Amino acid sequence: MPPRGNEGLDFTPIITHYLFLFTSILAFIAWFTAFIGQIIATARWNGPVGTLWFAIFLHLFLILGVLYTLASDSLATHRFQISVFGAVALVFAVNGANAGLYAEDGALNAMAAGYLILAIVDILWLLFFTAEEESLLFHLFNRLGTGGLTPPSRRRRARSVHNMAPANGYASGGYGAGGGISSHDVATGAYDAKPVSGAFDARSGTASGAFDNKSAGAGAGLNSPGGGARSQHSLGGPTTATGSVHSPRGEDGTGSPLMAQGDMSGAGTSGEFLPKAKALYAYTASPDDPNEISFAKGEILEVTDKSGKWWSARKADGTNGIAPSNYLQLL
C-alpha cells in the first residue's frame, strides 16, 4: 500500500484485519466500562481509584494512537512509541483489575472487568508492534489479514531510497535505463553511491544505463588542471549504438566504471550456480517501489544477492528485482 502521509486517513486496515477489528471493539467497550465504573466508585467511596485516573486516560490516548497509526499506515514511524506506552498501560491495567476484581462493590467489579479486558488487548498489541517481520508471531498475525499495511522494514527502505534519489542522480537518470551520467553526477560522487534499481549487475556484467561521452568527460576533469583534455582522451574510445563507452584497454582496468560492455561480459558468471529459493507465501510488489517483484506461493526464484532483509532475485521469466527474505526459503 502506498504511504498515505498527509493524504488522509483510511480505516480499511482496521476493518479488514481481524486482529485490529476485534481488539479495537474490545478496547472501546472495556475502556467505557472501566471509565463508568471509576466514576461511580469515586462518587460512592470518594477516592478508592487513585492513580487509575491516569491509567484510564493513558489507555484512551493509546487506543487513539493505535487507530491513527493503522489508518495512516505509519507502523514504522510510531511502533516504538506505541510499544513503550503500551507496556506502561499494561502495568496500570493489571493494577486496575487487581484493585476491584475481588471487591464487594458492583462499580469496582465493572472497573476491574474493563481493565482486565484492556490488559488482554494491550498484550496483543504489544506482541504485534514489537514483532519483527521474520518472527513467527508476525506471520501468525498476518494470517488474520494484512489490512494492506506496509511492513515496517519496507517503509524504512522506501524512505531511504526516495531521500537518496535526488542527491546522486540514480533515480533521475544517472544510472537509470537509458540515462546518461552528467557532469553534476560525476562531481557529486555518483560512483560512490549505491544504485537504486541495480543498473549495473555485477554478476551478469551488463549495464542498463548509457554513458554520455561529452558530459562524463567534462565532469571527470573538474578537479584537475587540464582535466578536460585528459578525460576526453580517456573516454575517446568508440561508442556503440546502445550508448556504451568502449575505453582503451590499456587505460581502464577491470574495475573502471567506463569498462566496455563486451569486457564486462567476460567477468560475468558463466557457468556459475545461483542459489534458488522457494516462495513460502504469495507477495505483491508495492506500487510505490518499482524495484520490487511480485511472485506466487511456491514459485522458484534465482537469488543473486542474499545480503540484508531484501534479496535480489530473478524470476523464471527473467524479471529482476528485490524480494523480502522472510517470504523465501533457500533450496
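Each position is counted from 1, following the chain as shown.
Using the three backbone atoms N, Cα and C, a Cβ is placed for every residue, glycine included.
Topology check against Swiss-Prot: GLN81 and ALA316 carry an identical topological domain name and occupy the same side of the membrane.
According to DSSP, the topological domain 'Cytoplasmic' (68-81) comprises 11 helix, 0 strand, 3 coil.
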